[in-house]
Amino acid sequence: MSRSTGDAIPINTYERSDAPSHVQVSRPAVVPFPVIGQPVRQEQSFVASATSSSDEPWYSRSPKAFTVSGIDVHISPLLIIYVAFVIAMGSFDGLYHFGLSLFYCVVLFGTVLVHELGHCWATRNVGGVVSHILLWPLGGLAYINLDASSAKGDLWVAAAGPLTHIPMGLVWLLLSAITSGFVKDLAWEALWINVYLFAFNLLIPAYPMDASRILTSTLAICGVSVSAASIVVIGLSMIMSTALLVYGFWLVQLLPVFVGGYTMAETYKIYALRRAGQIHQHPSFAKYEQRSGASVGV
């Protein structure tokens with residue numbers, strides 16, 4: 001996920017250190033979520049340059065690496081450590097697996113970057129604001145603001161990321177058909193990366209992943225009340241988060257455990273607000289609640 005330049009958008013309820021100074025404004029802050037979907041937004045008033053980047057969550061404290069289409073891309077130091085570890089483990093099995101591990105990491109996070117760019121380009125298309133993309137060990141985070149968008153616009157933004165895997169997958173499929181040997185193996189590896197990410201982001205409605213965002217927008221389009229929609233989102237997200245945790249522990253795989261733990265924690269935030277009768281304060285539902293005027297109950 002990404003952000004453009006210009007007036008900085010507060011991130012994770014913390015203010016950007018590069019924001020214009022001495023200007024008090026009230027605007028949505030952007031709280032990210034992994035690989036998968038557009039960020040959460042929270043309303044907050046802030047005084048520009050009141051806080052430093054050291055106040056931001058650890059996963060947001062990442063240097064800018066490069067720019068794509070006017071969108072700054074930040075890379076977490078933890079991602080560099082993760083990639084180095086994966087490549088080092090592959091090197092123990094010989095040169096072939098070393099090369100395969102290196103290629104896997106490059107293609108995986110290159111694919112994630114294109115996925116997040118898809119969210120960002122769609123955001124611009126519907127009149128939203130893009131700040132920057134963060135790549136970290138759990139995938140990618142796009143920092144965007146969609147307050148000016150309709151539910152249909154939100155749906156398009158959420159779906160745009162997974163849809164990028166279709167053309168990428170077709171390219172790798174074609175390459176696998178016209179090559180052989182090591183290159184064919186690499187192409188198949190890249191193809192399955194895209195198949196996995198496409199299915200994972202569309203079939204696992206664990207908040208705040210793309211499938212959950214698509215579900216939330218679809219419910220809003222269908223006129224479902226915020227109260228009822230939040231029950232559906234919380235219920236499905238908790239089920240999927242639990243399934244990810246069980247799957248990860250059962251097969252002793254850390255990534256599903258981390259993702260499941262993350263989505264469960266984010267889902268609990270929605271549950272806590274709903275239990276307190278304040279679901280309208282959650283950024284994923286606030287916009288729809290204001291437009292529909294629907295009552296919010298526990």
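Just so it is clear, glycine is given a Cβ too, placed from its N, Cα and C backbone atoms.
What TrEMBL lists as domain 'Peptidase M50' is 105-180. Look at TrEMBL and you will find 65-88, 95-114, 126-144, 156-178, 190-207, 219-239, 245-265 tagged as transmembrane segment.
Mean pLDDT for the domain 'Peptidase M50' (105-180) in the predicted structure: 91.
Counting same-chain residues at least six beyond the ends of the transmembrane segment (245-265), those with a Cβ under 8 angstroms from any Cβ of the stretch are 33-34, 137-138, 206-209, 237-238. Counting residues per DSSP class in helix, strand and coil order gives 48 helix, 15 strand, 13 coil for the domain 'Peptidase M50' (105-180).
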